[in-house]
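What Swiss-Prot says about this one:
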- 8-42: domain 'EF-hand 1' (DOMAIN)
- Asp21, Asn23, Ser25, Arg27, Glu29, Glu32, Ala61: Ca(2+) 1 binding site (BINDING)
- 42-77: domain 'EF-hand 2' (DOMAIN)
- Asp55, Asp57, Asp59, Glu66: Ca(2+) 2 binding site (BINDING)
- 101-110: compositional bias 'Acidic residues' (COMPBIAS)
- 175-356: coiled coil (COILED)
- 376-386: compositional bias 'Polar residues' (COMPBIAS)
- Ser377: phosphoserine (MOD_RES)
- Ser383: phosphoserine (MOD_RES)
- Ala551, Val552, Gly553, Lys554, Ser555, Ser556, Asn654, Lys655, Ala656, Asp657, Ala691, Lys692: GTP binding site (BINDING)
- 719-740: compositional bias 'Polar residues' (COMPBIAS)
Amino acid sequence: MEADGDGEELARLRSVFAACDANRSGRLEREEFRALCTELRVRPADAEAVFQRLDADRDGAITFQEFARGFLGSLRGGRRRDWGPLDPAPAVSEAGPETHDSEEDEGDEDAAAALATSCGPASPGRAWQDFQARLGDEAKFIPREEQVSTLYQNINLVEPRLIQPYEHVIKNFIREIRLQSTEMENLAIAVKRAQDKAAMQLSELEEEMDQRIQAAEHKTRKDEKRKAEEALSDLRRQYETEVGDLQVTIKKLRKLEEQSKRVSQKEDVAALKKQIYDLSMENQKVKKDLLEAQTNIAFLQSELDALKSDYADQSLNTERDLEIIRAYTEDRNSLERQIEILQTANRKLHDSNDGLRSALENSYSKFNRSLHINNISPGNTISRSSPKFIGHSPQPLGYDRSSRSSYVDEDCDSLALCDPLQRTNCEVDSLPESCFDSGLSTLRDPNEYDSEVEYKHQRGFQRSHGVQESFGGDASDTDVPDIRDEETFGLEDVASVLDWKPQGSVSEGSIVSSSRKPISALSPQTDLVDDNAKSFSSQKAYKIVLAGDAAVGKSSFLMRLCKNEFRENISATLGVDFQMKTLIVDGERTVLQLWDTAGQERFRSIAKSYFRKADGVLLLYDVTCEKSFLNIREWVDMIEDAAHETVPIMLVGNKADIRDTAATEGQKCVPGHFGEKLAMTYGALFCETSAKDGSNIVEAVLHLAREVKKRTDKDDSRSITNLTGTNSKKSPQMKNCCNG
């Protein structure tokens with residue numbers, strides 16, 4: 001049995017030795033052994049000790065006999081291993097340095113055992129090669145192949161059951177890498193195509209510019225050549241004329257000479273002298289003319305040289321213009337790319353806005369269907385709480401829950417708002433009531449809103465105001481009650497709303513609770529009814545923009561003003577939000593368009609565009625955040641840069657109710673006199689408010705609206721929206737703006 005066991009051990013050792021002998025030389029060199037131990041995470045000192053123990057003949061290589069003798073001795077256990085005649089086993093009874101040798105022997109044995117276990121019959125190197133062969137050409141996509149192969153061999157040695165999952169992981173990685181490489185190639189091809197297209201466009205532009213330059217150069221040369229030829233032809237004609245005159249003079253002189261020969265000298269001496277004098281004078285005149293002609297020729301030559309220099313300068317300027325045009329082309333391409341990015345972002349925002357709008361309309365339609373299923377008309381359902389109207393009594397419109405006698409009165413007021421035509425006049429006359437919009441932020445320009453207002457005028461008259469009116473009708477993007485045409489409603493509709501009574505009893509479960517609080521500075525109801533009759537004919541909407549850093553409470557301020565509500569966790573404004581509010585300013589009914597801008601840095605450019613046509617600005621800061629107060633100067637500079645004229649500004653210190661609490665907690669707060677000084681510096685109004693308890697909200701808006709009305713009365717050319725009804729027409733400039 002012992003012999004059979006030794007035979008099996010020798011067979012295993014032979015397979016292990018064959019796996020370690022990579023070059024099939026029958027000998028393990030020192031470098032091969034070190035590389036094998038490095039892959040197996042064996043310390044270099046232990047690897048050297050194991051090699052020295054196995055290398056019995058000290059020839060620098062291990063044969064199979066030495067390998068088998070050393071490992072058989074370690075596998076048989078104990079301290080009785082036969083290490084050969086050159087290295088006898090150490091004595092157990094001795095102390096001192098021999099104990100240290102014994103510890104080294106144990107370390108060598110552990111390293112040898114690890115080597116024997118790792119290089120078992122399974123042959124991890126061969127398994128890795130087989131796996132690579134199965135992969136085929138995909139093996140070249142393996143990143144860091146050496147580390148992957150080492151981990152593969154270690155897993156094969158420690159836990160062979162994990163080999164198959166590991167192979168699946170490697171295949172998945174290879175598949176992903178191939179996909180990534182394919183995508184990178186496609187991207188490279190697309191980039192190359194774009195570059196080629198840009199190069200073609202640039203080359204076409206260069207060719208066009210070259211053609212234009214050549215045409216201009218040819219035209220200039222042709223003109224200069226024509227002018228030079230004309231000048232030379234003039235000079236040639238003058239020269240020929242003068243030569244002809246000289247020839248005629250010479251002929252005359254010859255004739256006179258012949259005549260003088262024929263006549264006697266005594267008779268003609270005086271005449272000849274006179275003729276000679278005349279001819280000499282004429283000769284001098286001709287010489288003078290010749291000199292002038294030569295001077296003109298020199299002057300024309302200098303002009304020709306100047307034209308040549310001008311032509312050279314124009315050529316240089318043309319080259320410079322070409323360089324500038326190339327730079328402009330590059331800038332234009334960059335701007336086009338930026339515009340495409342902005343258009344993509346704008347489309348995404350519009351898509352999200354449409355999705356939110358459709359979700360809101362679906363929710364309202366589901367609510368209406370549930371009402372029809374339960375045989376409950378929308379007219380008997382409370383949509384939202386509103387201030388109480390009591391006929392034509394002269395009591396004030398104050399919103400006080402303690403003054404209500406029962407839930408039935410509150411339900412009656414709420415049910416009166418279900419009729420869209422009656423609800424419009426009701427909401428306009430009540431100061432603390434909200435002017436609803438979609439509730440969604442929008443990035444549209446105010447001019448687009450004017451076009452939709454005209455469309456809403458036409459559509460609002462066609463809606464029935466009976467029981468069939470659904471809540472989805474007021475959930476459109478710009479279906480704001482205050483924008484509807486109020487002139488067609490008349491005072492009779494106002495009276496009908498004030499005299500409206502419920503058709504049936506309303507349960508307590510239908511009453512909607514809210515966090516609304518009473519707002520001060522309200523006018524009596526009778527005054528509002530009288531103001532309705534005066535303001536139907538001429539009603540203007542003033543554009544008020546809310547600005548300030550993020551999280552200063554602009555949306556809460558607007559919600560408290562329009563809806564008389566306060567919500568703790570309100571979402572941040574994306575882009576711009578819009579509300580309408582009607583106030584009584586100096587006894588006149590005034591409609592305000594309130595634009596809530598986002599305070600984040602990425603929306604600053606959008607907010608800046610709304611300052612251009614703003615009639616007034618509510619500039620908010622947080623009294624518990626000093627940074628928002630320090631940024632007020634930057635906001636004021638932005639408003640002054642965007643607005644063409646001086647815009648009234650109301651500086652509002654919000655969150656005044658929590659300033660003392662924040663100060664006790666150690667936060668750096670902004671005192672009230674700091675805000676007053678800053679407002680005096682810029683000539684602005686100042687007020688501290690609290691959107692949570694509603695203090696000074698309406699007062700701040702009233703003061704700003706009063707200042708806006710004063711400014712607009714002095715300057716009628718301000719950009720305001722005329723809401724006088726269907727009889728009023730838009731100005732040509734507004735039509736061109738909306739229809740362009």
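Just so you know, the numbers here start at 1 and follow the chain as drawn.
Cβ from N, Cα, C; glycine included.
Summarising the environment of Asn654 (GTP binding site), the number of other Cβ atoms within 10 Å of its Cβ, over all protein chains shown, is 29. Ranking the binding-site residues Ala551, Ser555, Asn654, Ala656, Ala691 by the distance of their Cα atoms from the Cα of Glu29 (Ca(2+) 1 binding site) places Ala551 first. Straight-line distance linking the Cα atoms of Gly553 (GTP binding site) and Ser25 (Ca(2+) 1 binding site), rounded to a whole number, equals 84 Å. On the backbone, the CA of Asn654 (GTP binding site) and the CA of Glu32 (Ca(2+) 1 binding site) stand 79 Å apart. When the domain 'EF-hand 2' (42-77) is classified with DSSP, helix, strand and coil residues number 23 helix, 2 strand, 11 coil.
For the pair Ala551 (GTP binding site) and Asp21 (Ca(2+) 1 binding site), the C-alpha distance works out to 73 angstrom.
Nearest to Ala656 (GTP binding site) in space, judged by Cα atoms and limited to the binding-site residues Asn23, Ser25, Asp57, Asp59, is Asn23. Same-chain residues that are not part of Asp55, Asp57, Asp59, Glu66 yet have a Cβ within 8 Å of the Cβ center of the Ca(2+) 2 site turn out to be Leu54, Ala56, Arg58, Gly60, Ala61, Ile62, Thr63. Compared over the binding-site residues Asn23, Ser555, the count of CB atoms lying within 10 A of a residue's CB peaks at Ser555.
Between the CA atoms of Asp55 (Ca(2+) 2 binding site) and Asp21 (Ca(2+) 1 binding site) there is a gap of 15 Å.
Most Cβ neighbours within 10 Å among the binding-site residues Arg27, Glu32, Asp55, Asp59, Ala61: this distinction goes to Asp55.
DSSP gives Ala656 (GTP binding site) a helix state.
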